[in-house]
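Notes follow once the structure below has been shown.
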Amino acid sequence: MIQINGLAKSYTNDSEKIEVLKDLSLTIEDHSYVSIVGPSGSGKSTLLHTIGGLEPIDRGEIWVNDQAVHKLKDKQLAKLRLKEIGYVFQQFQLLPTATALENVMMPLLNVFSSKEIKEKAKVALERVGLEHRINHLPSRLSGGEQQRVAIARAIVTNPSIILADEPTGNLDSETGEKIIGLLEEIHANDDVIVVLITHDQAIAERTDQQISLLDGKVKVATLSEL
Amino acid sequence: MFSYLKVTFRERWKIFLTIGLILGCLGLAYIGTQTMTGQIAIEARGELEDDWRYQYDLLVLPQLDDEVEGLEDGWVAPQSSIASYGGISLEDWEKIKGIEGVEVAAPIALMGYFEFIGMNANASNATPGNWYETTKEVTAFDGMKTHTLTETSSISEYYDESMEDSILYQRHLEERGYPSNVAPGTSVRYPNEMLLVAIDPEAEDQLYNVSDSMISGSYLDESYSSEGATMPVVPVVALKEPEYVMEETVTVHEINVPDNLSEDDIVGGTTSYLRGLPKEEIAQLDISSLTSDLRFKNVNLEFDDEGFNEVEYDLINAPTEIIQFSPINYSLIENNDGDIPLLEAQEYPNASDFYTEINIPFYRYSEGVRQTHDFTVDIVGYYDSSEIRPKFAGSWQEEDPVDVYTPHHSMIIKNGLGEEIEPTPLLPLPVKASYYPGAPDMLTSLNALHHVYDEEPPLSSIRVVVDGVAERSESSQSKIEAVATEIKEQTGHHVDIMLGSSASRVHVNLAGTEVDEVGTVEEGWQQKGVNWSIENQVNQTNILLFIYLLAISVIFCYTIITHSLFNRSIDFAMQRAIGWTRGKIVRTLSIEVFIISTIPLLVIWITNNWLEAVSFIDYLYIWLITIAIISIGYVTGSYKALKLSPREGLEGEGAEWKMQRMVRIRGIMSYCLHQLLRRPLRFGLLTIVIAITTFMLLLSIVTQQILSDFLYLSFIGESINLKLAGYQTATLILSFILAVALTFLLLYLNLTERKKEFLIFSSIGWPMRRIQFYISLESFIVSVIGAGIGTIVASLFINIYTDSVIPSWLISLSILSPVALITLFTIVIIAGFKVKGVTKNHHAA
């Protein structure tokens with residue numbers, strides 16, 4: 001479960017303080033499939049990053065699976081991301097000189113033996129349907145394939161939460177549909193929380209819960225909250 | 001296009017200004033280095049020019065002259081020109097004089113050591129009819145120890161008729177065989193052997209100004225007449241110098257002989273009886289008889305308990321004995337490169353054959369017994385060897401050695417126990433067999449040679465000056481070599497080429513065994529060609545230092561420029577996407593290069609108001625070099641970006657490099673190696689910088705040591721070394737600082753350019769410490785590779801070009817230092833990241 005209470009986050013830009021998230025509170029239940037929507041600059045990505053501890057917060061509380069993210073040290077945050085969270089980015093964020101297999105192996109380096117890592121990475125790539133492309137560099141893969149590699153990298157550690165920041169933003173609609181389908185399949189099979197940011201209302205409507213942000217605040221929450 | 005340039009400069013003016021300023025500083029450093037190099041080179045070269053020509057160009061020695069041994073070819077011992085008794089004929093001298101290109105051919109012949117007459121010293125207050133005991137002690141100081149040369153005691157009567165009836169006198173006369181009717185006393189001024197050397201006065205005066213050094217009398221002119229002499233007389237010019245400090249003490253005691261003497265009292269001999277009787281001192285003479293005043297005087301001395309008087313007498317024929325000692329003989333103990341050669345002076349095996357009372361070591365071999373020759377000498381004048389100047393030795397300076405006349409002073413550096421002591425001058429002793437003779441005590445003309453040499457070739461050596469070699473040049477060298485070859489061919493004698501010779505140090509072990517005795521002396525020998533070798537070594541070192549400085553500077557600028565251009569690759573793609581051709585982009589970049597290249601000129605122009613050292617040509621050179629350096633960065637930096645299609649460029653893709661897939665990621669080490677190969681430019685440059693810095697430092701330490709050792713071997717080299725040390729150290733330090741700054745810059749760029757990558761790792765669950773560890777491991781690998789390459793290349797270089805071996809501690813240091821430095825830098829940079837907060841910037845990434 002993800003529990004956020006009174007979250008505030010601001011940036012300073014040319015000495016001007018911009019409040020991105022303002023006293024934001026919400027709850028995401030276990031095994032839920034959630035979308036975050038809102039206009040550009042509403043704080044969607046910042047919210048996603050703060051959940052995984054990628055960005056420090058100004059105030060408030062963030063609880064992930066009963067762990068107080070806002071209090072964790074760097075090493076504990078890294079452990080949280082390794083064990084509990086898998087990130088998927090709009091720009092894929094793959095290492096350009098590493099193959100698909102090596103990119104997926106990355107989170108597990110120094111955690112298991114190299115043989116085990118390789119096996120786990122191969123399984124993850126098979127799950128996303130890229131078993132035939134494991135030795136290809138990102139530059140030799142299509143956008144959809146690169147995003148699949150990124151998803152494989154996110155699930156290789158068997159996380160309980162997948163945070164996807166506009167995973168279809170750089171893809172055509174057909175490929176985007178496949179990626180969303182893949183995430184939904186993972187959500188269904190692995191019983192994990194999937195939180196995705198999207199601008200596509202159709203995609204948002206397929207999720208169990210929509211969180212709409214406007215000016216750093218939750219505009220519309222679940223139907224029950226409404 | 002120009003409006004684009006305006007925007008570019010407005011956006012990147014800080015970077016362009018930085019590049020310009022760095023290049024400006026480099027230009028200034030270049031000018032400073034050039035100016036300094038020029039000045040130092042002029043000073044160093046000036047010294048070499050001054051000392052390039054020895055006092056003669058060629059030294060002709062007898063072919064079979066093996067008397068001066070010790071070092072192999074390339075060294076000329078002090079006084080080699082009088083090293084042998086003959087060996088070169090007068091006919092050979094005539095042949096040499098006739099060879100084309102010979103300007104002066106000055107012969108010199110060692111005749112032997114002539115024993116000069118002593119002075120009689122008698123007590124003036126003695127009374128006839130009494131008995132006396134006379135004691136004499138002769139001592140001399142060599143800088144360490146006072147040696148007793150003579151210690152004697154004699155009993156004598158001062159005859160008076162009243163003694164005729166005395167039993168004591170009668171018995172004493174029986175024992176000794178003759179009466180003593182002079183006042184008690186002894187002979188002083190002994191030993192007083194004088195080195196007699198024959199020269200050709202005219203030729204010698206062309207080589208040295210011996211005639212100008214005359215302080216009295218005449219210089220061996222032809223007008224000398226020995227009319228009325230009872231035997232042949234050789235006119236000589238004597239050395240007028242207080243050469244030796246020899247103290248003589250003569251004491252006379254009057255013996256109180258009892259009146260009631262019986263036969264039984266003197267049954268054991270009158271002398272022992274008289275020695276046992278009470279006595280009273282009546283007179284004492286303390287005199288330094290080898291001073292310039294007394295050394296050649298024909299006088300007797302009368303002394304009492306208050307002083308002495310000189311009593312002149314007419315010249316009688318002096319003894320005509322000549323002692324022929326061969327010169328000091330050496331054996332070589334050590335002659336390692338970079339070390340001062342160590343020789344051992346060979347002692348004469350049977351010293352007692354010549355001296356029975358003198359208790360000092362003998363270092364000369366006798367060529368035979370004392371020889372009696374039918375001639376005597378007459379001092380026709382005195383010369384002062386300290387006034388002698390060479391005429392062909394460039395800018396000879398006061399107190400420099402002058403061949404046989406004022407040899408380089410030997411310094412005692414170790415005592416008899418082998419302990420190092422404060423260098424002390426070794427004073428010549430008045431015993432020629434001891435160690436060092438100094439200037440010839442007597443000069444005569446070649447006319448006297450026949451008194452000693454019958455049919456044998458009499459000349460010891462011929463010193464030759466070659467015509468038309470006033471400048472230090474290859475053509476001078478060729479002329480001298482040509483004359484040397486001709487002399488060898490015509491006479492068959494050994495010829496030493498003295499060109500480029502300078503005084504070099506040699507250590508000679510003497511036979512001292514006590515703390516106050518001489519153990520080792522250091523003296524100047526001529527090392528042939530050392531002058532040229534110094535120049536080569538100095539030039540090589542300076543060239544290497546300058547290349548290193550230049551390489552580091554170029555890499556520095558290159559790094560900044562390429563970093564700036566890589567960041568602009570998306571700009572180029574955008575320009576091409578909107579219709580710009582590659583040529584148009586290249587033209588804008590060329591204009592940028594031109595504009596940036598003028599910034600250093602401005603910096604130098606402003607600074608030159610104080611320097612006033614930069615000429616138009618310098619400006620031109622600096623401008624061209626600046627353009628070249630900037631262009632290298634611009635061409636390589638933009639080539640990669642322009643090679644991509646606009647789409648690839650806009651998407652931030654880079655050209656693939658085949659080597660980057662050489663290592664597959666399997667674990668930590670393979671990941672680090674993969675990263676190193678992935679960024680060949682940054683890591684490659686870093687490796688190169690570390691390698692050449694390690695190489696340079698190692699080479700510098702070892703070659704500087706070699707250079708210092710080498711220069712220390714020669715007296716001229718030492719003064720040049722002092723001049724060069726500051727410049728070379730400054731250049732090395734400047735380069736080293738640049739290299740350290742560059743290393744930091746490369747590491748910093750390498751890490752900042754990969755910030756996004758680190759953020760990805762952070763998002764997939766890598767803790768910061770693991771990222772730091774991997775970065776440190778990369779740096780460690782690079783530093784070990786760089787330092788290893790530098791060390792290996794330096795070792796090979798040093799092994800090939802020198803005989804030195806790099807000590808193991810230095811190798812360890814040369815590898816560990818860069819590793820430690822780079823690890824430190826990495827930690828500092830990572831700490832900087834941490835302070836800024838990698839995660840804080842994640843959003844921006």
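Even glycines carry a Cβ here, placed using N, Cα and C.
Under the heading domain 'ABC3 transporter permease C-terminal', TrEMBL lists B:732-830. Mapped onto DSSP helix, strand and coil, the domain 'ABC3 transporter permease C-terminal' (B:732-830) counts 87 helix, 0 strand, 12 coil.
The transmembrane segment annotation in TrEMBL covers B:12-32 (among others).
Below 8 angstroms of C-beta separation, residues 12, 15, 18-19, 22-23, 26, 29, 33, 37, 629-630, 632-634, 636-638, 640-641, 681, 685, 688-689, 692-693, 696, 699-700, 703, 728, 731-732, 734-735, 738-739, 741-742, 745-746, 749, 753 of the same chain, each at least six residues beyond the ends of the transmembrane segment (B:543-566), sit close to that stretch. What TrEMBL lists as transmembrane segment is B:543-566 (among others).
The transmembrane segment feature in TrEMBL is assigned to B:586-607 (among others).
The transmembrane segment annotation in TrEMBL covers B:619-637 (among others). Beyond the ends of the transmembrane segment (B:619-637), by six or more residues, the same chain brings 19, 23, 27, 30-31, 553-554, 557-558, 560-562, 564-566, 589, 592-594, 596-598, 600-601, 604-605 to within a C-beta distance below 8 angstroms of the stretch.
Outside the transmembrane segment (B:683-707), and at least 6 residues removed from its termini, the chain residues within Cβ reach (under 8 Å) are 338, 537-538, 541, 544-545, 548, 551-552, 555, 558-559, 676, 721, 728, 732, 735-736, 739, 742-743, 746-747, 750, 778, 782-783, 785-787, 789-791, 793-795, 797-798, 802, 804, 806, 810-811, 814-815, 817-818, 822. Among the features that TrEMBL reports, transmembrane segment is placed at B:683-707 (among others).
Beyond the transmembrane segment (B:727-751), the same-chain residues lying 6 or more positions past its ends with a Cβ under 8 Å from any Cβ of the stretch are 29, 33, 36-37, 40, 541-542, 545-546, 548-549, 552-553, 555-556, 559-560, 563, 679, 682-683, 685-686, 689-690, 692-693, 696-697, 700, 704, 775, 779, 821-822, 825-826, 829-830, 833. Per TrEMBL, the feature transmembrane segment maps to B:727-751 (among others).
Summarising the annotation, TrEMBL assigns transmembrane segment to B:771-798 (among others). Within its own chain, the transmembrane segment (B:771-798) has Cβ neighbours under 8 Å at 668-669, 671-673, 675-676, 683, 686-696, 698-699, 702-703, 747, 751, 758, 761-762, 804-806, 811, 814-815, 817-819, 821-823, 825-827, 830, counting only residues six or more beyond its boundaries.
If you look up TrEMBL, you'll see B:810-833 (among others) marked as transmembrane segment. The list of residues near the transmembrane segment (B:810-833) in space but at least 6 beyond its ends in sequence, with Cβ under 8 angstroms from a Cβ of it, reads 690, 693-694, 697-698, 701-702, 740, 743-744, 747-748, 751, 755, 758, 772, 775-776, 779-780, 782-784, 786-788, 790-791, 794-795.
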The domain 'ABC3 transporter permease C-terminal' (B:732-830) [mean pLDDT, rounded to integer]:
81
